[in-house]
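A.B. asks: Summarising the annotation, Swiss-Prot assigns NADP(+) binding site to 11-35. Here Swiss-Prot flags Ser146 as substrate binding site. According to Swiss-Prot, the active site, proton acceptor annotation covers Tyr159.
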Amino acid sequence: MYKDLTGKTAIVTGSSKGIGKAIAERFGKEKMNVVVNYHSDPSGADETLEIIKQNGGKAVSVEADVSKEEGIQALLDTALEHFGTLDVMVNNSGFNGVEAMPHEMSLEDWQRVIDVNVTGTFLGAKAALNHMMKNNIKGNVLNISSVHQQIPRPVNVQYSTSKGGIKMMTETLALNYADKGIRVNAIAPGTIATESNVDTKKEESRQKQLKKIPMKAFGKPEEVAAAAAWLVSEEASYVTGATLFVDGGMTLYPSQLE
């Protein structure tokens, strides 16, 4: 637990399930105020709210499309209305998109992933930074990227491109705001055993995926959440512009061991 996080206010986008849910729940354990965001899963958001409150935090949920400015504004307005400020912005919402060879991909399929993953992250960061700058808040922006900011993902060019974009966005924002006391970092998860990750469900795909991971195990959402709590705490006060890989060594090119 990080005592400096007690009473701080965070927005966590896409927090009705998976990694976002785990981060929001961990923030509850840190006794933080959390704005839970969902787009199409109100029951999941309700569950997240309940767990945050059980953990000792305070929470409210908002339905919003993070790829739209009005969606991000609704999140910020809710944070200010209920908790009076914003200290931490976690841009977690992400969309894998369809798998297709690039020459066969529609512009619509490309654009949807870019809109959510890149534009949504930018809009979330922009709103948070604007609030922090106006109010002299030495806050944190945390972007959830992926190992695919470094490892190309076959037949999913839009996803790899979006995560590579998040990497450079994180570093550029960190450079721009470091002297203002605002830290901007990213987490790049590997294969995490969430309810929607099919690679961790079926035995054939499980074994295929495990061969890519030196630790021979899938990550847990709670392990990503632990990294998130550390990065936005004062324990990481000298860390900015960094991507923390939570991947069991997946980016270490395990094929070199063969």
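Glycine residues also receive a Cβ, built from the backbone N, Cα and C atoms like all the rest.
Help me picture these features in the structure, burial and contacts included.
C.D. replies: Around the Cβ of Ile19 (NADP(+) binding site), the number of neighbouring Cβ atoms within 10 Å comes to 28.
In the three-state DSSP assignment, the secondary structure recorded for Ser146 (substrate binding site) is coil.
Tyr159 (active site, proton acceptor) has a Cβ environment of 22 other Cβ atoms inside 10 Å. According to DSSP, Tyr159 (active site, proton acceptor) is assigned to a helical segment.
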A.B. asks: Per DSSP, to which secondary structure element type does Ser15 (NADP(+) binding site) belong, with helix, strand and coil as the options?
C.D. replies: coil
A.B. asks: Within 10 Å of the Cβ of Val35 (NADP(+) binding site), how many other Cβ atoms can you find? Include all protein chains, please.
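C.D. replies: The answer is 30.
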